Amino acid sequence: MPKTFALIAHDDKKAAMAEFAAAHEDVLSRFELVATGTTGGRIMEACPKLKVKRLKSGPLGGDQQIGAMIAEGHIDALFFFVDPLSPHPHDVDVKALTRLALVYDIPMACNRATAERLIGTF
Ligand SMILES: O=C(CO)COP(=O)(O)O
């Protein structure tokens, strides 16, 4: 059974996420991928080889959906490029998601520098 990665990026970090995914397209293509709605669309535009299951957009519940998948044991790593310089209306959902990643001890990369190191471990 292939492992599943969750990919999420705040608006100011979506370009970085698309670049990251394109740089690691071959590695990512070996895994099941889920993403919040807009992030998933950007990744698929940048990476024709990747099939990404798109959930709801973050502010409309996508972060919560990924949190639920973590709680149910369906996520093996979380790549969440967080923008620490902008306010987000769904900040409580972001916090709930990162909290569940901590509760369930899921490898979590919240910036590109960490993501580059984490992806190298798979
Ligand atoms: O808001 C997000 C993460 O908190 C991301 O959602 P989108 O990928 O739909 O923009």
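Each residue, glycine too, has its Cβ placed from N, Cα and C.
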Binding-site annotation, TrEMBL, substrate: partner of His10, Lys14, Thr36, Gly37, Thr38, Thr39, Ser57, Gly58 in His74, His90: His90
From His10, Thr36, Thr38: binding-site residues whose CA lies within 10 A of Asp63 (active site, proton donor/acceptor): Thr36
For the binding-site residues Thr36, Thr38, the one whose C-beta sees the most other C-beta atoms within 10 angstroms: Thr36
